[in-house]
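What TrEMBL says about this protein:
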- 10-53: domain 'DUF6533' (DOMAIN)
- 82-105: transmembrane segment (TRANSMEM)
- 117-139: transmembrane segment (TRANSMEM)
- 151-174: transmembrane segment (TRANSMEM)
Amino acid sequence: SSYSYSKIKAVSSAMVFLYDWMLMLPVELDVVWSKKLRPLDILYIIQRYMPFVDTIGILFVGKDDVELYGTNRTKNVSYLVYHQWMQVLGLLLIYLCEAIVILAMRTWALWEKDIRLTVGLPIFFVGCWVPCLYTMHLFLSSQTYIPSPVPQVGCVIVAAESTFFLVWVILMVYEAGKLMYV
């Protein structure tokens, strides 16, 4: 069944991920963990270990559900909402924010740690990202699902508010604002 195939795929991916982690662990222990942790080391650790949270979620969400892609609509919607929020949290908050923080630190360093940027960049960051996440919340919570006519495919999204473009507008404002300082 498609459920079994998707679980096999998820477990296989998790094993490859775990194998990669075990291969790199000696180097990581030597380079990162053996010294006093700096802010960039902490960013590395967050980036390195956040996929474990994603992997656990992928493997165990819906584990009690006999047929994830079938008629159990409540479990199916719960899985889709969980999956969407993990994408938002994993991709936007952790991965993109980490890159944005590193770029903001570089901008701050270019300006020789100017006090205006020390205060302004975090305020600008929060001022742009809080509306971005709220807009994403509105978009995700407005989605309407119906059961799929094809058994191998989960629920189908049939309607949602058209506010998603605002996320990109806010992110462009953030990037344009940062360019003023470079």
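Cβ atoms here come from the backbone N, Cα and C positions, even for glycine.
When pLDDT is averaged over the domain 'DUF6533' (10-53), the result is 85. Counting residues per DSSP class in helix, strand and coil order gives 39 helix, 0 strand, 5 coil for the domain 'DUF6533' (10-53).
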